[in-house]
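Since the structure comes first, as structure tokens, the remarks are kept for the end.
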Amino acid sequence: MTERDIAPDRSEQHRLPDPGSDHRDETAETAPDPRRSARSEAAGAGETARTTENGTVAQDGTVSETARTAEAGSTGHQPATSAGANDAAAKQEPARSVVPAAAQAAPRPVLGGQLPAVLLAVVAAGVYCLFNVLQWRLLRSPSWDLGIFTQLAKAYAEFSAPIVPIKGEGFNLLGDHFHPILVLLAPAYAIAPSGLTLLIVQSLLFALSAGVVAGTASTLLGQRRGLLIGGAYAASWGLQSAISSQFHEIAFGVPLLAISLAAVLLRRWRWALISGGLLVFVKEDLGATVFMLGLVLAWYRGEADRPRQWPAGIGARLKALIGSLHPSGLWLAAWGLGWMLLSVLVILPLLNPEGQFAYGGRLQLSEILANPLLGLGLLLSPSEKVFTLFMLLLTGALVWVRSVFALIAIPTILWRFWSALDFYWTTDWHYSAILMPVVFLALVDVLHRRDRKNRQDADAGRLAPARFSFTAASPAAAALVALAVFPQYALADLFQPETWAGPGQERVAGAQEVLETVPDGATVATDISLMAYLVPDHTVYWLGNEDNPAADYVVIDRAANIWGGTPPEAAPHAEQKFPGESYTLVLDSGGYQVARREG
């Protein structure tokens, strides 16, 4: 949400309307009977006989399609249809692709088939939360963002507008970024008013997304491959970087996008529409992501209407392509684009103190529009961008880009790489978390389509010679990549002795003394070190702002590396910051200083 360039340690060191269901591809509520054979059924006079396929549920929870007869004594021959009926049907309607019913109906695992995925999500939640608790105990504050979001949650829990003094006196955070979904933080914060609560909420939401990815992969690919992909996702560097960066609004975006993409793969269209539609309330840039998601959904849901043979001519092909796109996906795309424009052009300027979208100037759009080649060049320069792209490709074992899902990653990559701010370009911080569901569920899509084609070829007697396939090995490859890069990212700290040793008794005691020295209800101006810890019981301002009112107390961490190596004394700095006021040093302990305003 808020940006690292203004934090001291970075500068110095409406529910989506349902456009209607389609009876042709809406998921049935019951699983297909595994005993039933696939039969050719006459569609009526003048209609083409269509072959449908039922899914047989394997022991590992996957669904396999077969067009062979499963009844005892079957000869394996398909029932014949008359040539006359076929000719008549061909004259009456254009040729359409024959999409197996199993490709349109959502596969359902057998009872208990999702238990391993659930257990993986529980383990992920435990590991993430453990990291959060240790990070909180170590007094680590990578930026001011946790303090900002804690103030927002506090305001919502008090049934008031999200006024965040850390950003400025009277600053409405809905004028910074468009994230109304964060009102959902209020109940959790009301129960446990602490910045740690937000960290736990984010970890649980990320773990939920891991369960969704693992469960979907297990349903479509089998438990072995599903758990490999789910485990690689749970340990992915994108999620690890987001967890170590502490809470951001993307915490809600990651599971919503995972649910939506999983629903597309499982043909749960309403779930895809609803969860995808809610993304526009997470952050304004995700409207562009929803736009691409809508186009992808339109493509998938219109698969049955796509011509088997494309007509000649570019115009005719384009018309046929557009005609095959399902309206529900197009509505979702329009919903995403509309909310992005509404939030950026109307809502954010209306609520922002400066009357504008605060981050619009960070994109080099005018230069790119004047010179489109610059836009291409900015995708590969400087080298940090190349490394991030390389990591994204490697994370999904390369093959994920063969899925149309990969298009959903484009908006996030473009706005990050077209910005002049270097911390957008790297694998650090939380900016790549939203790409992780795209990468891993795109990989699931590629593998599922490959499996389906292999089964269809086998049913038709087209047996390919046995040979090594990198695509087939991609789940293991993705897991190996996650394991290989794991030591470079946050969760590896759990294996470091200093993580468990704590920050030292003197620092802990000093921080506790600060919290005890500043009385409840007082106004406090502070650096980022104890900002989130002070928010629940105080009105907190950031010392880096210029127009703060004179605070009752000023807190400075002189031991942390957030002042460029030259931390000021609390009392003199407070008097310089607030001319005409007099401050007295009342605490100097564990590297922390507290100055109190006199009079």
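Note that Cβ sites are derived from N, Cα and C of the backbone, with glycine treated the same way.
According to TrEMBL, the protein has these features:
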COMPBIAS  1-39  compositional bias 'Basic and acidic residues'
REGION    1-95  region 'Disordered'
COMPBIAS  40-53  compositional bias 'Low complexity'
COMPBIAS  54-67  compositional bias 'Polar residues'
COMPBIAS  75-84  compositional bias 'Polar residues'
TRANSMEM  117-136  transmembrane segment
TRANSMEM  181-214  transmembrane segment
TRANSMEM  250-266  transmembrane segment
TRANSMEM  278-300  transmembrane segment
TRANSMEM  330-351  transmembrane segment
TRANSMEM  389-417  transmembrane segment
TRANSMEM  429-447  transmembrane segment
TRANSMEM  468-489  transmembrane segment
Quiz item: At an 8 Å Cβ cut-off, counting only pairs 6 or more apart in sequence, do the transmembrane segment (250-266) and the transmembrane segment (468-489) clear the bar of 3 or more pairs?
Solution: no
Quiz prompt | Of 117-136, 330-351, 389-417, 429-447, whichever stretch has the most CB pairs under 8 A to the transmembrane segment (468-489) | solution = 389-417
Quiz item: Excluding the flanking five residues on each side, which residues at least 6 beyond the ends of the transmembrane segment (278-300) place their CB within less than 8 Å of a CB in that stretch?
Solution: 1, 15-16, 177-181, 249-250, 252-253, 256-257, 260-261, 264, 269, 272, 325-341, 343-344, 348, 404-405, 407-408, 410-412, 415, 434
Practice problem: Sort out the residues at least 6 away from either end of the transmembrane segment (181-214), same chain, that have Cβ-Cβ distances under 8 Å to it, and list them. | Solution: 116-118, 120-122, 124-125, 128-129, 131-133, 135-136, 146-147, 149-150, 152-154, 156-157, 162, 226-227, 229-231, 233-234, 239, 242-243, 246-249, 251-252, 254-255, 257-259, 262, 278, 281-282, 433, 436-437, 440-441, 444, 532-533, 535-536
